[in-house]
Amino acid sequence: MKNFISVHDAHDINALVHKALAYKADPLRDKALGANKRIGLIFLNPSMRTRLSTQIAAANLGMEAIVFNVGQEGWTFEFEDEAIMSGNTVEHVKDAAPILGRYFDVLGIRTFPSLQNKADDYSELYIKQFIKYAGVPVVSLESATLHPLQSLTDIITITETFKEHRRPKIVLTWAPHVKALPQCVANSFAQWINAWGHADFVITHPEDYELDPAFTKGAAITHDQDYALRDADFVYVKNWSTYADYGRIYCNDPEWMLTTEKLLNTNHAKVMHCLPVRRNVELSDEVLDSFNSIVTQQASNRTWAAQAVLSELLANVKK
Amino acid sequence: MKNFISVHDAHDINALVHKALAYKADPLRDKALGANKRIGLIFLNPSMRTRLSTQIAAANLGMEAIVFNVGQEGWTFEFEDEAIMSGNTVEHVKDAAPILGRYFDVLGIRTFPSLQNKADDYSELYIKQFIKYAGVPVVSLESATLHPLQSLTDIITITETFKEHRRPKIVLTWAPHVKALPQCVANSFAQWINAWGHADFVITHPEDYELDPAFTKGAAITHDQDYALRDADFVYVKNWSTYADYGRIYCNDPEWMLTTEKLLNTNHAKVMHCLPVRRNVELSDEVLDSFNSIVTQQASNRTWAAQAVLSELLANVKK
Amino acid sequence: MKNFISVHDAHDINALVHKALAYKADPLRDKALGANKRIGLIFLNPSMRTRLSTQIAAANLGMEAIVFNVGQEGWTFEFEDEAIMSGNTVEHVKDAAPILGRYFDVLGIRTFPSLQNKADDYSELYIKQFIKYAGVPVVSLESATLHPLQSLTDIITITETFKEHRRPKIVLTWAPHVKALPQCVANSFAQWINAWGHADFVITHPEDYELDPAFTKGAAITHDQDYALRDADFVYVKNWSTYADYGRIYCNDPEWMLTTEKLLNTNHAKVMHCLPVRRNVELSDEVLDSFNSIVTQQASNRTWAAQAVLSELLANVKK
């Protein structure tokens with residue numbers, strides 16, 4: 001694995017899942033793998049689970065992790081080629097990335113979309129510029145349009161939870177929120193579940209909330225949440241802002257909040273969410289505090305997903 | 001020790017003090033105790049001494065410490081049960097704490113009071129919610145009403161300083177300040193000295209600055225600072241805002257600042273302060289720069305207090 | 001080496017350079033030197049390269065490095081003696097530094113100038129107060145007027161790049177910028193190159209941008225950039241604000257930006273910059289992206305400079 005920014009970097013999803021589960025069973029089994037190797041965790045945006053789980057994953061592999069919060073500890077980067085830097089950006093990624101690539105053996109980058117300009121965000125300029133100039137493996141800690149460590153975690157969690165000899169029915173359902181959020185988690189979940197191919201996959205959302213077909217292709221898509229939820233084994237709840245007319249909130253209809261009543265319709269579905277979750281806005285207390293919810297298990301699996309990915313990337317690190 | 005949030009978690013104060021002094025004599029004596037264990041140091045408010053000393057204490061025990069500044073690096077937590085999270089809080093402690101409890105073997109939490117609502121602050125909702133939901137031992141890095149690591153440090157410092165075969169006279173004196181400060185350090189010092197029971201303990205402050213009797217019960221209380229200071233062996237200087245009419249500054253009388261002249265009245269008293277201290281407001285330069293001041297020794301003992309507490313908590317960590 | 005705040009702390013610059021290059025060849029050659037030693041990296045101002053390279057240098061020596069961002073994680077320090085602290089400063093360096101000196105074996109301090117008051121900045125009050133009160137070796141991570149780790153890096157980079165048996169011609173040229181910047185890097189580079197004595201050294205800048213002669217004495221100084229660049233082997237590009245009429249921007253003349261055309265005049269000069277650099281303001285893309293630019297090599301040498309200095313300071317650390 002050269003970098004890890006989308007499902008295309010995972011040559012065998014199930015092998016990666018099983019590697020992660022092996023780390024869950026024995027976190028220190030590869031304690032020597034990362035000896036004298038360093039990962040720089042570069043945050044252009046805030047993070048809790050991703051940062052902590054990746055730090056812990058690195059430590060489990062014997063790597064040193066150094067966190068750098070660009071906004072608080074440093075200054076604003078420039079990403080546009082040929083920019084005349086007379087404004088507020090202080091350092092060009094062309095200059096910063098090669099140096100970070102000298103200091104670190106692996107780089108993790110978190111960078112959110114602006115939600116102002118679809119073409120810019122969907123070009124993934126920021127993380128691609130890091131990859132272009134760093135010269136070391138780059139792992140996405142969530143980028144403008146995707147969150148692959150989250151999606152790998154999600155499949156790990158589904159795999160360890162679902163033990164029947166049939167394809168699970170997995171539903172990704174839009175949920176209300178008070179802010180315009182990126183499409184990353186939804187895009188990435190769709191991309192991974194489609195690529196995985198071991199599930200019946202349905203996406204449901206209000207009209208006008210269609211995601212980029214590049215990620216959803218292969219899933220059944222419906223605006224009828226009740227219909228979608230029928231017999232579901234897993235319900236993944238997530239808000240996202242509009243994709244077509246980019247970055248807007250049209251419908252913030254509380255009717256879309258997942259409730260216990262709606263779950264009656266499912267096959268005792270397990271409820272997933274990447275967190276943080278707005279309680280009683282996206283998901284009711286009742287659902288989150290029920291046995292249906294596996295959000296804590298899901299979030300704790302972030303460590304093993306990161307550890308599996310880092311162990312793959314380490315194989316590509318120069319001595 | 002299951003958690004460490006007040007004196008009630010210290011079954012034998014003197015044993016804890018002597019454990020701390022043993023670490024001071026030989027910091028690395030238990031270097032293997034925390035191997036492959038992690039502590040998450042979660043700061044909802046700023047910290048210097050507490051953060052650094054706890055990080056060092058953990059390292060001395062071979063534990064990995066990871067600092068997370070919630071405000072700068074993450075987002076605002078919600079603590080109220082059943083909140084409809086359509087406002088500014090991004091994640092409920094019910095969701096964050098269990099995950100932190102999966103990532104870490106021990107959690108340290110710093111959370112200041114609002115000083116707006118006494119009932120809320122004195123319920124210690126924030127740290128209690130962490131304890132309720134984290135599922136791992138929690139150590140207070142200062143909470144809304146108490147600062148037990150500071151108070152343990154204070155008794156360590158008194159113990160190593162006072163070598164006479166009698167009870168020392170210890171005075172806690174209110175000092176002027178420019179801001180409304182929490183009552184934590186004063187409450188906690190009173191609680192610990194009272195529970196310790198090896199001193200004659202006097203608290204002195206202006207009228208209207210009475211502390212919660214739940215903590216001060218057992219101490220002599222007077223509004224006459226001169227009288228209180230007479231023959232004192234230790235003078236602990238600290239500002240706090242009002243408790244009864246909550247969180248106010250009534251009296252900011254410079255007369256209450258401790259000076260060298262006032263110390264003449266004492267038994268060559270040692271002067272203590274938890275720091276940070278406003279020089280020439282709370283305490284004169286003359287006092288702080290004199291041989292009477294033991295504030296640096298006191299602050300440096302923070303490491304050993306934290307190390308003693310962490311070593312006790314580690315005994316309760318699941319394998 | 002007792003502290004490292006200027007060239008005067010380097011008794012033998014070439015020995016230090018060769019020590020750094022030995023670390024570059026074998027980073028872990030002194031892995032045991034810093035065992036059970038801790039460095040506190042205290043940032044009163046932001047940093048990327050200095051922070052990361054020093055953290056890595058410490059780790060290479062087996063030391064533990066703890067970063068503390070005073071502004072974000074703590075509170076504002078007071079540096080004036082006898083201050084009545086009724087304003088915005090929360091803790092006096094007289095109280096903070098001795099405690100940091102108890103917690104850490106070595107302290108690194110970054111503190112920028114105000115650019116408001118020349119006498120204050122040039123007295124180097126802040127870092128000198130840390131040295132006075134900390135009681136442990138202090139390394140400058142850039143102070144009000146100097147940046148010695150950068151200058152050592154610069155000489156390391158020149159040494160490993162220039163292999164001819166003659167003195168290189170080194171030109172320090174002022175460059176345009178959009179903000180008033182400190183004189184630190186320029187002062188320090190001049191101080192080190194002059195003390196080193198192995199180069200023909202020319203400084204060129206617009207009228208009114210004269211640096212403090214205390215640092216430049218020994219260099220040829222001219223306002224004619226073209227004349228200065230003639231036959232240069234190294235061109236160090238840097239903006240600084242005025243020194244005489246302190247902290248101003250008089251001339252922001254784009255004509256001073258270094259371009260490929262100007263380099264034709266040189267002896268295939270290598271181009272250096274401490275970074276961050278404002279592209280197409282200080283230096284053209286064309287120059288920075290050319291083979292002439294050695295800025296990445298230069299920045300990556302920061303690690304080895306820091307490692308050489310820390311190894312010298314460790315010799316002075318009390319057991």
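Note that Cβ sites are derived from N, Cα and C of the backbone, with glycine treated the same way.
Look at TrEMBL and you will find A:S47, A:M48, A:R49, A:T50, A:W75, A:R110, A:H147, A:P148, A:L149, A:Q150, A:C274, A:L275, A:R302 tagged as carbamoyl phosphate binding site. DSSP assigns A:L149 (carbamoyl phosphate binding site) to a helical segment in the three-state reduction. Contacts of A:L149 (carbamoyl phosphate binding site) defined by a Cβ separation under 8 A and a same-chain sequence distance of 6+ are given as A:F4, A:T50, A:T54, A:V139, A:S140, A:L141, A:E142, A:R302, A:A305, A:A306, A:V309, in order along the sequence.
Residues or ranges marked as N(2)-succinyl-L-ornithine binding site by TrEMBL: A:E142, A:H177, A:K238, A:R278. If you draw a 10 Å sphere around the CB of A:R278 (N(2)-succinyl-L-ornithine binding site), it holds 25 other CB atoms from the protein chains shown. DSSP classifies A:R278 (N(2)-succinyl-L-ornithine binding site) as coil under the three-state reduction.
The domain 'Aspartate/ornithine carbamoyltransferase carbamoyl-P binding' annotation in TrEMBL covers A:2-160.
Per TrEMBL, the feature domain 'Aspartate/ornithine carbamoyltransferase Asp/Orn-binding' maps to A:185-311. When averaged over the domain 'Aspartate/ornithine carbamoyltransferase Asp/Orn-binding' (A:185-311), pLDDT in the model lands at 96.
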Most Cβ neighbours inside 10 Å, all chains, among the binding-site residues A:H147, A:K238, A:R302: A:R302
Residues from the binding-site residues A:R49, A:W75, A:L149, A:K238 that lie close to chain C, Cβ under 8 Å, in sequence order: A:W75
Cα separation, A:R278 (N(2)-succinyl-L-ornithine binding site) to A:S47 (carbamoyl phosphate binding site) (Å, whole number): 16
Shortest C-alpha distance to A:H177 (N(2)-succinyl-L-ornithine binding site) - which of the binding-site residues A:R49, A:W75, A:H147, A:C274: A:C274
Chain B neighbours, filtered from binding-site residues A:S47, A:L149, A:R278, Cβ-Cβ distance under 8 Å: A:S47, A:R278
CB within-chain contacts under 8 A for A:C274 (carbamoyl phosphate binding site), separation at least 6: A:H147, A:Q150, A:D154, A:V185, A:K238, A:Q298, A:A299
Packing count at A:S47 (carbamoyl phosphate binding site) (other Cβ atoms within 10 Å of its Cβ): 23
Between A:R49 (carbamoyl phosphate binding site) and A:R278 (N(2)-succinyl-L-ornithine binding site): CA-CA distance (Å): 16
Cβ-based isolation winner (fewest other Cβ atoms within 10 Å) among the binding-site residues A:R49, A:H177: A:H177
